[in-house]
Ligand code: HEM
């Protein structure tokens, strides 16, 4: 066999290097094999079926839009968007800190799945149902819309530890939050744009009451929290009161998907510490403050939110013959 010699000034070496670079580049650039028309022949009415179920659910309870949007986020940050958050069982993600007594909407996902199965059995993944339901929830709350990329398959395992470590906590610093997003391939713009999801939905007292009492040695109350809002929250969430009581994340326009979340931040009216630090922390000055100010304009926010939702939906999907199409979103197929 002739000996293969690579020398930098040899045209063959240059050709080999070029070929290797092209192969490597194409591996990195192919973000996902998801497509918008994935079910066009196997489940042509899919989008209509999901839209109707989400509409009915929101009619029954407006907050459900927020809960469904959050489920897609909590799914994608753990093992990628693979429906793992939906799996039942005490070792599952439902029992992880960010989800316990908090994540909701599982019954609605069940009813969407049942409606989809009745028309196209064994074809549509639970992970894709979450992605479509999240988009519909935003749109039906007055927000922007987009074409959802589809073709994800469902994971075979839940990852409770992953849920505890990957999903940002309301008590994290901005650096930590940015790192947790970076770990799943999302950048600082994604952090701010996706935090805008807090324009709808609610949070429990336990997630922000640290800002109201014994905040620090210097300040009893978080100084970056508007004092009238602080007083209001103190009466709603008294010290040693019911931590599971809830209030709206965006008190300016509770159920409307708009840019008021960002106006709130500029006015020191963010509910969670992890919201307000996007504008008020020392790190925010150089990283996120200007983005928050930009997003007080709703069309700028909407454009970036859509991009970031697509980025989030692209986190490590299972495709091809990986994973499965679950029959019941709560359990892996037997
Ligand atoms: C940036 C880091 C984030 C942190 C620290 C965070 C934290 C939280 C917390 C603590 C709650 C209240 C949970 C409870 O009281 O039970 C909440 C609610 C919510 N989060 Fe986030 N979140 C973040 C990012 C996101 C993202 C990226 C989305 C979606 C794209 C999202 C969507 C929501 C929604 C819609 C609610 C309200 C849910 C409901 O009312 O059922 N959050 N979040």
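The backbone N, Cα and C atoms fix where each Cβ goes, glycine too.
Bear in mind that TrEMBL entries carry predicted annotations, made automatically and left uncurated.
Database features, via TrEMBL:
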BINDING   75, 78, 80, 82, 84, 93  Ca(2+) 1 binding site
BINDING   199, 250, 258  Ca(2+) 2 binding site
DISULFID  43-120  disulfide bond
DISULFID  76-81  disulfide bond
DISULFID  126-329  disulfide bond
DISULFID  205-237  disulfide bond
DOMAIN    33-333  domain 'Plant heme peroxidase family profile'
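Across the domain 'Plant heme peroxidase family profile' (33-333), the model assigns an average pLDDT of 98. For residue 258 (Ca(2+) 2 binding site) paired with residue 75 (Ca(2+) 1 binding site), the C-alpha to C-alpha distance reads 24 Å. Counting every protein chain shown, the Cβ of residue 237 (disulfide bond) has 22 other Cβ atoms within 10 Å. Fewest other C-beta atoms within 10 angstroms, among the recorded positions 76, 78, 81, 120, 205, are seen around 120.
In the three-state DSSP assignment, the secondary structure recorded for residue 75 (Ca(2+) 1 binding site) is helix.
Those same-chain residues not listed among 75, 78, 80, 82, 84, 93 yet with C-beta within 8 angstroms of the centroid of the Ca(2+) 1 site C-beta atoms are 74, 76, 77, 79, 81, 83, 85, 127, 155, 158, 159, 162, 163.
Sequence-distant neighbours of residue 126 (disulfide bond): residues of the same chain at least 6 apart with a C-beta under 8 Å from its C-beta are 83, 86, 109, 113, 154, 326, 329. Within 10 Å of residue 75 (Ca(2+) 1 binding site), counting C-alpha to C-alpha distances, fall the following of the recorded positions 81, 120, 237, 250: 81.
Spatially, by CA atoms, the binding-site residues 80, 82, 93, 199, 250 include one closest to residue 205 (disulfide bond), and that is 250.
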